[in-house]
Every structure is written in structure tokens, then in C-alpha cells.
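Notes for the one structure printed next.
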Amino acid sequence: MVYYIYDCKKISLEFNIVVFVKRVIEGPMSNCLWYMYIGILLILPVLQKMTKPMKKQDYMYMLVSGFILLSVCPVIAHWLDESGISNLITDSMLSVYVLMVVLGYYLEKYVDLKNGCIKWLLLIIGSETCINVGLTYIEWNDLKKAGKLTSPNDYLFYSNKEYINVMILSVCVFFALKYLYLKYECMLNEKVKHAITYLGSLTLGTYVMGDLWIDIFLPLYCKSSVIIHPIVSMIIMEIVVFVTGMIFTAVLKKIPVIKSVL
């Protein structure tokens, strides 16, 4: 609703509830994965019951076969410039997003964070970041040479959150943060713990409203990048977007109905 009202005001359109409902049914009004969350929440009770009696071998079979076909093969097919595996095979499998939930259960059950693992996690994070940047640059360069570069989205193949290179990085970042928190939790007093928990509770609202704040503050970035370096200007804008989103979410969470959602 907020996005629709903002769009109406931005392009001078009259608010129409019928149009709003139609747009909601057709899809989300931003890049946020709202509908994915709704779908996962609908199937989550069944997933919890399904995974509870599963053994480690069952998890491994489901995750390895699923991620190889859905997350690894598309990347290999892209390298080889082939069409890849038929949808008749992959469409009958669990989606990558459902597999991510199952992966979360597996990691929680069977992966123990040990002393010294932070070095390996940071090494993988650094390596994966460099690899992803390098692959994206190669993709951009190849498209530019071939004259197929028409928009920034053209060279973002390796930024797909469903692909293995992004998932490995995401899992390692999650583990690194969890490891650091568990290691230094005893050094934090109750006020600091409460502050961390509270700030963490504001992240979902900050995320789902992020596109709105980016659009609103984009002129700030354009003007400031003329005066200071664009990278510095971008960092400032991201901080402003993040802080604004957290303040707005904190205000919304004062409303009982919205608090249960955010």
C-alpha cells in the first residue's frame, strides 16, 4: 500500500483500490522477496514435520541433488553456452528457496562452530567475494565486446541468489556472524544484548521498505556525487537509507497489528 501510494504521488495518478488489488495479485511492487516469504510461510509447518524425522543422509541426498541441479548446473551451462537441464526435470523438484530452509535445518542440527573456524570462514568469504566480482567483470567485458550490453542487469548473471556462488558466500557470512556473536556474547552486558536484539528486529522492515528509501534519497546521491567521490556518496546514501528504514520500522512496530508482521 505504501509503495502504491508513493507511486501515485510520484507520477500524479489517482488512487484506485481496484488497480491496487490487481497489482498486489500480479506481483510485488519492489525487488523485495515478499511473495517468496509468503510462500515459505505457507509450506513451513509441513517442512518442519517433514524434516524432523530425517536423518543426516536424507538431508544430504535432498540438498546435494537439489543444489547440483538447480544451483550448479545453470552456472556450468552458462559457461558452456548451453541451454542446460530440461525444465521437465527441475520443475518436479523442490525450489531453491525451499531447499534453503531445509539447509537451515541441516546446519542447525549437524554443523558445530569450532574454535579456529573463523579463519576459514573469512578466507572463503574473501575468496568468494573476489571470485564473484571477477566473474561479473568477465561477464560485463564479454557482453561489451559482443555489443550485447544494453543495461546494467545484462551482466549480473552471477549475482543470482539461487546460484551456488552466492549461496556459499551467504552461508559463510551467516556462520561468521554467528560465530563472533557466540564467542563474544559473554563479554556483552544485558543492555548491549537488548540493543542488538532490538536492532535485529528492525531489519525485516528496513529491507522491505529499502527500495522506497533508495528512490527517495537517490537525488541526494546524484547531487553529492558531484561534490565528493561517488563511492563515498554511495556509502553515505546507504547509511541514510538504513537509518531511515530502521526509524520508520521502529515507529510502525508501535502499531499492534503491524508489530506482529514486522
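Cβ from N, Cα, C; glycine included.
Among the features that TrEMBL reports, transmembrane segment is placed at 28-47 (among others).
The feature transmembrane segment is assigned by TrEMBL to 59-80 (among others). Residues 51, 89-90, 93-96, 99, 102-103, 105-106, 109-110, 157-158, 160, 162-165, 167 of the same chain, all 6+ positions outside the transmembrane segment (59-80), place their C-beta atoms under 8 angstroms from a C-beta of that stretch.
Taken from TrEMBL, the feature transmembrane segment covers 92-108 (among others).
The transmembrane segment annotation in TrEMBL covers 120-138 (among others). Same-chain neighbours of the transmembrane segment (120-138): 155-159, 165-166, 168-169, 172-173, 175-176, 179, counting only residues six or more beyond its ends whose CB sits under 8 Å from a CB of the stretch.
The transmembrane segment annotation in TrEMBL covers 163-182 (among others).
The transmembrane segment annotation in TrEMBL covers 194-214 (among others).
For 226-252 (among others), the entry in TrEMBL reads transmembrane segment.
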Closest-packing stretch to the transmembrane segment (194-214), where packing means Cβ pairs under 8 Å, from 92-108, 163-182, 226-252: 226-252
Residues from the same chain, set at least six apart from the ends of the transmembrane segment (226-252), whose C-beta lies under 8 A from its own: 199, 202-207, 209-210, 213-214, 217-218, 220, 258-259, 262
Chain residues outside the transmembrane segment (92-108) and at least six past its termini with a C-beta under 8 angstroms from it: 36, 39-40, 43-44, 47, 51, 56, 59, 62-63, 65-67, 69-71, 162, 167, 171, 175
